[in-house]
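Q: Pasting a structure below so you can have a look.
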Amino acid sequence: MANVVVVGAQWGDEGKGKIVDWLSEQADIVVRFQGGHNAGHTLVINGATYKLALLPSGVLRSGKLSVIGNGVVFDPQAFLDEVGKLQAQGLIISPDNLRVAENVTLILPLHRELDALRESSNTGTAIGTTRRGIGPAYEDKVGRRAIRLMDLADLDTLPHKIDRLLAHHNALRRGLGLELIDGAEILRELTAVAPKLLPYAETVWRLLDIKRREGKRLLFEGAQGALLDVDHGTYPYVTSSNTVAAQAATGAGLGPGAIGYVLGLCKAYTTRVGQGPFPTEQDNETGRKIGERGREFGTNTGRPRRCGWFDAVLVRQAVRTCGINGLALTKLDILDGFDTIEVCTGYRLDGKEIDHFPAGEGAQARVEPIYETIEGWKQPTANARSWADLPAQAIKYVRRIEELVGCPIALLSTSPEREDTILVQNPFEA
């Protein structure tokens, strides 16, 4: 029996929510281990649409325990809002089926304000974030001045922790000519919200260790994608956390032995939100056609996603940096009807062919994709639930992707619906 990690193998938005929801039927516990409420999922279940940003997808299934790990940055108001909306849709969410790491870092209003300031300034600091305070909160975490969930339970030490936090932020704000923040106001806000949050607080590493020893199946749910990893992604156009599979252990308080199988998610094409290099981007009618068919708009932000052809080089790189055992290929149906489909198999950089994506920002901007043209298919793949339902040419496309990225396809998704999934290899039984 393998504990399974699900990670994005592109720039996020690969359809992790649906796949995690589909796999969660076999899991006992679903764990979020990094990121914040900047990465959204849209799930369609029995015709009902659910939008998640911070909560694990396990909350959509009864009888499952969902956990937010210590690697996440946690916005109290966003959490309460999301819980409230899902409860209004009839879901039962309580401390009985949702636990939050007591040592999770909190996102405060000052983090959101700083994030927005950087994105709107003309100083060259904008990189296309969601302005939700994710990066500034992680900065405070590694700077050892963050407020954590457990701090709300100790009102004797909380004022001192707020003062320590503001010693940094007010110095920064003073230099930027901004109004200074009153620590008493932060204290009032946190004191007011504490009774609503603390019932969810848990020593997560201990809880998960106990459950593992009891033989419970764990499903780790990543946010964003490997190409947004702060170390291995398209730096500086990345998120502020490690998004690769190894972070599942760190972000949940478990050792690497807790990971048994890594499932990577990728679309049958490529999308990206925000700024940064995108070698196969199609800023043309093809890109617009893919975007319209795939409804490529951010779940949280509504921003249109940039669209392009499948990049086998980048996905192959993600397979290596994440230790991916199998891929779940999503949105194959969006390519239905194309006469031909392009797949990037390599790059040219300054006249030379290379087989990997360079780390340097300048080199990333100069790479040119080398394409292989593949014949398309006319028959629909939408709603297919077995290989027999797929056109022969679509199967050839899937097999060619396997060859190019050096990794087998374990799952194939053909619509947003939970059941429109073709299983090749069950990750929990691998």
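Positions of Cβ are set from backbone N, Cα and C atoms, glycine also.
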Q: According to Swiss-Prot, Asp13, Glu14, Gly15, Lys16, Asn38, Ala39, Gly40, His41, Thr130, Arg144, Thr239, Arg303 bind IMP; which of Gln224, Gln275, Gln282 is also listed for that site?
A: Gln224
Q: Is any of the recorded positions Gly12, Asp13, Leu332 within 10 Å of Gln224 (IMP binding site) (Cα-Cα), and if so, which, in sequence order?
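A: Of everything listed, what lies within 10 Å of Gln224 (IMP binding site) (Cα to Cα) is Gly12, Asp13.
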Q: Validating a neighbour-count step here. Other CB atoms within 10 A of the CB of Gly12 (GTP binding site): how many?
A: 27
Q: Report the nearest neighbour of Asn38 (IMP binding site) in space among the recorded positions Asp13, Gly15, Thr414, comparing Cα positions.
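A: Sorting the recorded positions by distance from Asn38 (IMP binding site), the top entry is Asp13.
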Q: Across all protein chains in the structure, which of the binding-site residues Asn38, Thr130 has the highest Cβ count within 10 Å?
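A: For the binding-site residues Asn38, Thr130, the Cβ with the most other Cβ atoms within 10 Å is Asn38.
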